[in-house]
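To start, the structure itself, in structure tokens.
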Amino acid sequence: KHGVLTVTIPLPPRKQCHCYSVLRISYICCGFLLNQHYNPAFVSLQMMKHAWDNYKRYAWGLNELKPISKQGHSSNLFGNIQGATIVDALDTLYIMEMKEEFKEAKEWVEKNLDFNVNAEISVFEVNIRFVGGLLSAYYLSGEEVFRKKAVELGEKLLPAFNTPTGIPWALLNIKSGIGRNWPWASGGSSILAEFGTLHLEFVHLSHLSGNPVFAEKVMNIRKVLNRLDKPEGLYPNYLNPSSGQWGQHHVSIGGLGDSFYEYLLKAWLMSDKTDEEGKKMYYDAVQAIETHLIRKSSGGLTYIAEWKGGLLEHKMGHLTCFAGGMFALGADGAPNDKTGHHIELGAEIARTCHESYDRTSMKLGPEAFRFDGGVEAIATRQNEKYYILRPEVIETYMYMWRLTHDPKYRQWGWEAVEALEKHCRVDGGYSGIRDVYNNHESHDDVQQSFFLSETLKYLYLLFSEDDLLPFEHWVFNTEAHPLPVLHKDNGNKEENQK
């Protein structure tokens, strides 16, 4: 207004510089912040564009991208089913209004997404990524192809429930219908977090198909669990699908247990708070977790330990960091005026998980961190020092921001953006890191599909207004795929769309 400002910005060759105004001119070049006036939601969108464009360029139609090698990467979790990144990213593309990219992804699904393959798949992973991704894409866009594909795949998964108890197998050949469990699982058991993380998607499959069998299968899992004695009110990670008995008495709110608890709460919320059984199971479990697993370090950090036959292991995984958001999301329905307590518990877990990031060289969190031997929130074993673009800490920041509007959660989210851009961004996409305590990056050369589905979506939501996918209308599955609340006064399935 009062003069001329000349700014010289050195640009790498052949790179675009995106300039826009937020009262003052801001410059974002190649994903990096060049001054203090910025739009963080725009930055997360640019990160998505970089991840997606490189997947399209080097691995289109394959499951994931190797961003250093610039070629496709396939995980045995999906068998011969292809396109995991495409299906996982559909709703993120839609929410970010990346319309051309969404259109080309939809066309790939129509022409190329094929479930008629002779392959063994992880029932859990295919459900949360493929079924969840297709359901969300349908509810957001209304495109019938996504509903049809979701129901088709759901039908392919039903033989997994053909066990004496109805507790599903972990692995299923979707052509032969033959299932089995992971060979490493205690006594041939199914895994709590795997068979406990089907409920949201299968209820929606019944809702959209008119076929009650999907919901019946997951409600039967509840019946089996409710008949069993729970040691100290806790749910062990292993359950034998033939005998219906617990395996080893190991309890974790991280890997092997985590999303079971998440889905109890979210089943109640998704039912428009009519699923009283899910509600009771969730709050009873949280009470047992508080009593037996939640501890405070000598330095004042609240953490969730793991329970092995009554003995605590003072270790917390990156996966466990989702629980901060879960406690806060469930605070409003907490019994005995404990709403404030649950919010505070969420805030304390968020702080601990932020410390696990802040105490590394790269400001990215390790796979697991410990509270023993004089250390707090630090990984002590080499095989726990890696970061594979996981979303759980950012997920908790997003929930805590929405539910408290404390600005520190956006600040912490921005710190994660800066660390991702500095250490994980490469020419060919984004890569995980082998050791976050090292000063020099050693990349693992995998761009996980959940980076596009979860990490970048939660960042975008953290920096967006609360009316984008508001919690009163949407519940996120454990892969961050939004599913609509099934309002009790809403019998018409089409009215549940956006």
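Note that Cβ sites are derived from N, Cα and C of the backbone, with glycine treated the same way.
Going by TrEMBL, these are the annotated features:
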ACT_SITE  Glu125  active site, proton donor
ACT_SITE  Asp258  active site
ACT_SITE  Glu367  active site, proton donor
ACT_SITE  Glu392  active site
BINDING   Thr478  Ca(2+) binding site
DISULFID  Cys321-Cys353  disulfide bond
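Feature map: annotations from TrEMBL on the structure.
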residue : record                    : Cβ contacts under 8 Å, 6 or more apart
Glu125  : active site, proton donor : Leu77, Phe78
Asp258  : active site               : Ala193, Ser252, Leu319, Thr320, Phe322, Ala323, Thr478
Cys321  : disulfide bond            : Ile349, Ala350, Cys353, Ser356, Gly365, Glu392, Val393, Glu395, Thr396
Glu367  : active site, proton donor : Gly317, His318, Ala379, Asn383, Glu384, Lys385, Tyr386, Tyr387, Ile388, Arg390
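Comparing local CB density within 10 A for the recorded positions Cys353, Glu392, the maximum falls on Cys353. Its Cβ placed at the centre, Thr478 (Ca(2+) binding site) has 25 other Cβ atoms within 10 Å.
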